[in-house]
């Protein structure tokens, strides 16, 4: 069967992955209201296309943090790619490199940051970071990615504690023995049988993380710091005050606080708050090229996709991820030109009508 849209990959992945793996990737917190609203929110937004604009030539290129990418869709940080495809994050990195876009590598990768960098040496990569109770762990990995040529740090700030993902609890989800969180291999001296959470010892993440840790992170690296997990204008303003270079409007794919806003619904408030002083990105619920167009019209510089990348991996590894990205690129170009925009610079809020339904 030809893969025509991203939901085709979703159906394939659901059919071919084990139940525990599918449930892990699909999981939202609690009742999954926020996870599901990430998708529904895009459907409430309508476009106001302009016509007779000569769209015979179109250009989807943009820049993020000063680096040109081929279109405004990057790869969000998601964990455990080897659960979906044996080459895991190495395949994802090659696919992102081949289409010239940004790949945010997850701390919870089943390939190491070194393996990922070696697999796609010309790729444009950021690294997603958590702050641990043992600050030395975070510091060591920052030094590693900086030396490997990663171009930014994406500090995830919405996980002081892990959200309650009911199916993971029911399935007693654990990484299979042959897979490891490779970036921390050999770093934890833990007793056999000690409780784990998603591949590392339980209670490793630091719930005391605060704005002072953003300043601490800036003090140990030359890389730009981008904060992932902002959903309010108040926190967006604090991010600007603390000198970060960007924010990702994100609710962690609906996996953390259930009942929070859909990411796209929070975007305008944050764009208005930062007033162009830093770049604003968004993830969560992007499934079509018109979703990308809507996010850009509301002020996002770029969007990032998570679950669809995993579906592409499950389908055909590197080639599957490349197909997912190419379909989104093609759909985005088509939506853009059908709306009368020849390039991303012509996309603005006049394109948006929010449905009253």
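Placed from the backbone N, Cα and C atoms, the Cβ positions cover glycine too.
The model shown is predicted, which means the values in this text are computed figures rather than measured ones.
The domain 'FMN hydroxy acid dehydrogenase' annotation in TrEMBL covers 1-357.
Under the heading glyoxylate binding site, TrEMBL lists 24, 165, 252, 255. For residue 255 (glyoxylate binding site), applying a Cβ distance below 8 Å and a minimum sequence separation of six or more within one chain yields 27, 28, 29, 35, 163, 165.
Within its own chain, residue 284 (FMN binding site) has 38, 250, 251, 253, 254, 262, 263, 264, 306 as residues 6 or more apart in sequence whose C-beta sits under 8 angstroms from its own. Look at TrEMBL and you will find 77-79, 106, 128, 130, 156, 228, 250, 283-287, 306-307 tagged as FMN binding site.
Applying an 8 A CB threshold to same-chain residues 6+ apart, the list for residue 252 (glyoxylate binding site) reads 156, 158, 159, 163, 229. Residues annotated as active site, proton acceptor in TrEMBL: 252.
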Other CB atoms, at most 10 A from the CB of residue 156 (FMN binding site): 23
Other residues, Cβ within 8 Å of 24, 165, 252, 255 Cβ centroid (glyoxylate site): 27, 28, 29, 162, 163, 168, 253, 254, 256
Residue, out of the binding-site residues 128, 250, whose Cβ gathers the largest set of other Cβ atoms within 10 Å: 250
Between residue 128 (FMN binding site) and residue 24 (glyoxylate binding site), the C-alpha gap once rounded to whole angstrom: 19
